[in-house]
Amino acid sequence: MISIIIPTYNERENLEELFERISRALRDHEFEIIVVDDDSPDKTWEKAKTLGKIYPVKVIRRTREKGLSSAVIRGFKEAKGDIFVVMDADLQHPPEVIPKLIEAIENGAEIAIASRYTKGGKVENWYWWRKLVSKGAIMIGRVALPKIRNVKDPVSGFFALKKDVIAKTDLTPVGFKILLEILIKGQYERVVEIPFTFGLRRAGESKLSQKQIINYLRHIYRLMRWEGEIDRLIKFSFVGLSGIFVNEGALLGFVEFLGWDKRLAVLPATELSILNNFIWNDIWTFKDLKRKPFHLRLLNFHLAALTGALVQWVIYLILLYMGLHYLIANLIGIGFSFIVRFIFNRNITWG
Ligand SMILES: Nc1nc2c(ncn2[C@@H]2O[C@H](COP(=O)(O)OP(=O)(O)O)[C@@H](O)[C@H]2O)c(=O)[nH]1
Ligand SMILES: [Mg+2]
């Protein structure tokens with residue numbers, strides 16, 4: 001049995017075609033449709049109930065709660081099936097894709113995502129900047145949360161999953177991207193992406209536009225904390241700080257006690273600080289992540305340091321050119337270098 005969960009807000013005009021196309025697509029399956037409506041002013045819930053005489057629809061009309069993610073979570077609670085499908089009501093998610101999602105699940109995936117960004121998928125009628133924002137947001141998510149780095153469209157609102165994926169999981173209804181929450185917190189081995197074309201809204205209007213980005217970033221931050229990535233970032237900063245002391249201390253020693261040339265002594269001092277940072281990151285920051293052999297970790301850590309230094313220098317030059325004070329330019333460069341080194345090390349050195 002398949003449970004199709006559809007959150008709605010002012011979608012009255014879309015329901016009939018939606019239910020008809022779902023029923024046709026799933027004529028070989030046993031299914032139920034669960035509409036979770038937040039007391040829409042256009043009485044979507046009423047229309048859904050009326051159509052319930054023809055189609056297997058269960059209507060939940062929420063009057064106290066609002067929000068897309070919490071509506072989907074409520075739908076999960078009410079669902080009787082072994083496979084859950086989540087989709088929008090506005091026909092931007094073509095029901096004809098549902099059988100492909102189900103098939104992927106039956107073939108062994110626990111989560112099947114209808115994906116705009118996997119090969120063959122696309123978005124209709126978006127300006128280039130709309131696409132850029134969408135892809136940029138996804139890239140941030142994939143970099144911040146290495147667990148999903150291979151998922152091309154982790155924020156799709158159209159997906160299927162086995163009910164066991166979330167049976168033991170406490171999903172928090174923050175943000176609009178419930179799939180992100182499931183991909184991070186759920187229990188699963190295999191995710192499959194099925195390409196589809198995200199079409200035009202049939203009737204009604206979009207509720208999710210502005211404010212989305214801030215909300216999304218907050219959601220990512222919460223999930224990073226949940227994953228322990230923020231802890232890692234903090235440890236990485238402390239290690240970096242310790243490296244400054246090692247670097248300065250070694251330089252002092254080389255120059256004052258060994259009498260080395262100042263211009264050259266900075267190089268072994270820097271190398272010592274890199275080694276210091278490597279060791280601490282290896283036994284502390286990323287200790288649970290050792291997969292590559294030691295010499296490759298060491299090599300990659302050096303490459304990260306080098307990349308970071310180059311990035312720092314380039315940013316520094318750009319900002320100087322733009323007229324910033326050189327100390328501020330350098331500070332911003334250091335900030336970028338820090339981020340680049342963290343991402344490099346998290347995903348490659350210990351990835
Ligand atoms: N229950 C519920 N559904 C919502 C809410 N906000 C949006 N939806 C539904 O979520 C789906 C996606 O919303 P939509 O406005 O089409 O987002 P867009 O495709 O990103 O523009 C639609 O079926 C909406 O009716 C909400 O606050 N509560
Ligand atoms: Mg929509």
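A Cβ is built for glycine as well, from the same backbone N, Cα and C atoms used for every other residue.
Marked as domain 'Glycosyltransferase 2-like' by TrEMBL: 3-166. Mean per-residue pLDDT, taken over the domain 'Glycosyltransferase 2-like' (3-166), amounts to 96.
Per TrEMBL, the feature domain 'GtrA/DPMS transmembrane' maps to 235-350.
The annotation transmembrane segment is assigned in TrEMBL to 233-254 (among others).
The feature transmembrane segment is assigned by TrEMBL to 298-318 (among others).
Tertiary proximity for the transmembrane segment (324-344) is limited to same-chain residues at least six positions away from its ends with a CB under 8 Å from its CB atoms, namely 143, 233, 236-237, 240, 300, 303-305, 307-309, 311-316. The transmembrane segment feature in TrEMBL is assigned to 324-344 (among others).
Outside the transmembrane segment (298-318) by six or more residues, the chain places 274, 277-278, 281, 292, 326, 329-330, 332-334, 336-338, 340-341, 344-345, 348-349 with a CB less than 8 A from a CB of the stretch.
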